[in-house]
Amino acid sequence: GSPVFIAFRSSTKKSVQYDDVPEYKDRLNLSENYTLSISNARISDEKRFVCMLVTEDDVFEAPTVVKVFKQPSKPEIVSKAPFLETEQLQKLGDCISRDSYPEGNITWYRNGKVLQPLEGAVVIIFKKQMDPVTQLYTMTSSLEYKTTKADIQTPFTCSITYYGPSGQKTVHSEQAVFDIYYPTEQVTIQVLPPKNAIKEGDNITLKCLGNGNPPPEEFFFYLPGQPEGIRSSNTYTLPNVRRNATGNYKCSLIDKKSLIASTAITVHYLDLSLNPXGELTKQIGDSLPVSCTISAIRNATVVWMKDNIKLRSSPSFSSLQYQDAGNYVCETALQEVEGLKKRESLTLIVEVKPQIKMTKKTDPSGLSKTIICHVEGFPKPAIQWTITGSGSVINQTEESPYINGRYYSKIIISPEENVTLTCAAENQLERTVNSLNVSAISIPEHDEADEISDENREKVNDQAKLIVGIVVGLLLAALVAGVVYWLYMKKSKTASKHVNKDLGNMEENKKLEENNHKTEA
């Protein structure tokens, strides 16, 4: 079109005149040094301007072209695919940058490297659109991409390259990382709990895994001896397994049965048989074979206990004694399998017929004699004291605790004449009777050593003390032998006497001649 005058300044009048041009209204400023400034620049300001100098002689012109630039917005990737599937050409997203002048160029990057179009693998479609009002451009670039597993966690970006007053510039978008879908190429199977710790009664869980993304959610599970698979989620549980569950287990994909995994499972078991078991009653002297039989998938340790004390070897009874009685436990375990142990018990009761031993001892004061009836038997025998001849029962007795099948009953008497005491011990097996002649208190006699109690059985006298005692005893025996014989002969002629007040009145003893035929203990 025709040139339009927009501003004039006279060198003499020092005044500025602006023509009435609507698009430049209030936007022009012509300075004293003839510099023209245009404020609030617009795209329409991009045109050719001419500075004219008019003199009396001539007209001079100096043209210039004004370029207008607008920096675009930072590019961003929109309409992003939720995931990328391998071997599929699909739209990855759009890179968009707005409000640019002039238009810019968009470039796509994979892991920082420029993506170039490649048939069937990389397709880039570029579009630009100008706003009719602002005359600014919006650039859009769509990327179609065939991904591979190598793109897992790989960043994609795009950039806008544009021109400004100082030259070419580039602005990059934020990174975008996509979830890569790929098919399963391998199947694995897991066993919970770990395979080396499975025992009878456990619940086994088979877990099948595929290495695809997303992982498969369903599988076929194959049990030993069953060709048909069981469709299930990625886990399958076998409750309360028995030893016949030992075997090979497999799993495969639903849609590709050739992708299969297998594992061997061993169900550990442990059987224990104790014969005899429970509670058993035997008599002393009996023989008793005992066997503890173990059946296991591998070697197992066997431990015998008696009354919570570990035995060195298996018990064997060719002739039962009372001390063999007790609670026996046979226990076995597989050390490598936690919790796999078995135990059986035998409570052995050894019955013993009552056995009696009687002892007597004179008090050092010489005023009384202690008579003790030592009894061994099981069940615990009842003890009864009587005076031979009169049949009187003695009730004033003192008993020791019943320990290990033994105890004793003790009486203290002061007989005025010779007497015979009877101790009877009775349990459900038998009644046993023993008698002991006791001289009158005035007649010295040989005392018998007390029975050593079980709890003190291991405490024996020192050998030196024993020898000294024997020597002293022999000397004393030689000294009193004559005296004892004289007193005894004298007493044998004496009429019948009465037993000490502690025993009460007793009936008259048999004739002295009959007593003389009894053997004194």
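Note: Cβ is positioned from N, Cα and C throughout, glycine not excepted.
Disulfide annotation in Swiss-Prot: Cys95 is bonded to Cys158, selected among Cys158, Cys208.
Looking up Cys251 in Swiss-Prot gives a disulphide bond to a cysteine among Cys208, Cys292, identified as Cys208.
Per Swiss-Prot, the disulphide partner of Cys330 among Cys292, Cys373 is Cys292. Cβ contacts within 10 Å of Cys423 (disulfide bond), excluding its own Cβ and spanning all protein chains shown: 27. Of all the disulfide-bonded residues listed here (Cys95, Cys208, Cys251, Cys292, Cys373), it is Cys292 whose C-beta has the fewest other C-beta atoms within 10 angstroms. Cys158 (disulfide bond): 25 other CB atoms within 10 A of its CB, across all protein chains. In terms of DSSP helix, strand and coil, the domain 'Ig-like C2-type 3' (354-439) has 0 helix, 54 strand, 32 coil.
The 10 Å shell around the Cβ of Cys330 (disulfide bond) contains 25 further Cβ atoms across the protein chains shown.
Per-class residue totals from DSSP over the domain 'Ig-like V-type 2' (63-172), listed helix then strand then coil: 3 helix, 66 strand, 41 coil.
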